[in-house]
Amino acid sequence: MTDTVEDVVRVIARSATEIRRGLVGRRGKVDEENPSGETQAEADIWADELLADRLSTTDGVVQYASEERTDDLNCGDEGLAVAVDPLDGSSNLRSNNTMGTVFGIYDEPIPAPGTALVAAGYVLYGPITTMVYARDGQVTTYELSGGERTVVDEDVIVPDDPVVYGFGGRVPNWTDDFHQYANEIEDELKLRYGGSMIGDVNQVLSYGGIFAYPALEDSPNGKLRLQFEGNPIAYVMESAGGRSSDGTQSILEIEPTDLHGRVPLHVGNADLIDRLEAALE
Ligand code: AHM
Ligand code: MG
């Protein structure tokens, strides 16, 4: 029987290898904005077009949506919807720091809540290229080489004893409650913040801890997008035994209002997220 989820993951693994190679010569900004009003890099647009071509022609994919394009593509009648952030953390192109490709596979038309995800994951362009992918409550890490996946860990679990934290946004823009919580966490854990959600989340998944891009005084929904960033990362983290929250509830329970809507995102060890929710009450 055809397994569309596996087909999609295979296409993303192959495309990621090409995306990584194609970054050379595409590090500059272009005079275009994405639907969130951010200036795009040449590589953002290129990676989006590559994934759109490949995924919209994959059997069983009926919809393709991306952080880098206003409208989704409809590409079939019956099947699964795929949402991607083609190049998460692309502002790191200039400093040659880590970036990722994020994907969520939904069995409902998107925008959809995270409860409609059947699988989600990300590719991390670090010193080597890895893929972390969650499905049926199991999280697997692979190394990618030439588009082929080699399993590194078939049962990824957030380590019990948390070590690292990374919080986005400028400190004066944090709410007082989040600030107070951050003060406690800073005394307990080591700071790891690289400006790419995928790089920072992968630190949390590897060592235990918490990543957040919280609500800000001038942006109550934070920065990150629910469909393209929040839901997939929450799905991976919850599948690995951690928790996600917008401050009061699991990210996966949120009913989306629009395709490009933002959400305050907090993910990591369950007890750290419990404490965060108590602090923000
Ligand atoms: P992007 O998808 O346009 O790259 O934006 C998302 C990125 C995240 O990877 C990261 O956590 C955040 O923006 C960093 O923002 P800041 O530069 O404000 O710290
Ligand atoms: Mg992003």
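The backbone N, Cα and C atoms fix where each Cβ goes, and this holds for glycine too.
Owing to the predicted nature of the structure, the values given are computational and were not obtained by experimental measurement.
According to TrEMBL, the residue from E67, E68, E108 that belongs to the Mg(2+) 1 site alongside D85, L87 is E67.
Site annotation (TrEMBL): Mg(2+) 2 is bound by D85, D88, and the candidate from E229, E238, E253 recorded at this site is E229.
Checking the binding-site residues D85, L87, Y193, K223 against ligand 2, the ones with a C-beta less than 6 Å from an atom of that molecule are D85. Of the chain residues outside the Mg(2+) 1 site list E67, D85, L87, D44, A47, D48, S66, E68, V84, P86, D88, S90, T101, V102, F228, E229 have their Cβ within 8 Å of the site's Cβ mean position. E229 (Mg(2+) 2 binding site) sits 16 Å from S91 (substrate binding site), taking the CA atoms of both as reference points. Around the Cβ of L87 (Mg(2+) 1 binding site), the same chain contributes I19, A41, A43, D44, A47, D48, E68, M99, G100, T101, each under 8 angstroms and 6 or more positions distant in sequence.
Residues D85, D88, E229 make up the record's Mg(2+) 2 site, and a Cβ search at 8 Å around their centroid adds E67, V84, G89, G100, V102, Y122, M197, I198, L224, R225, F228, P232 from the same chain.
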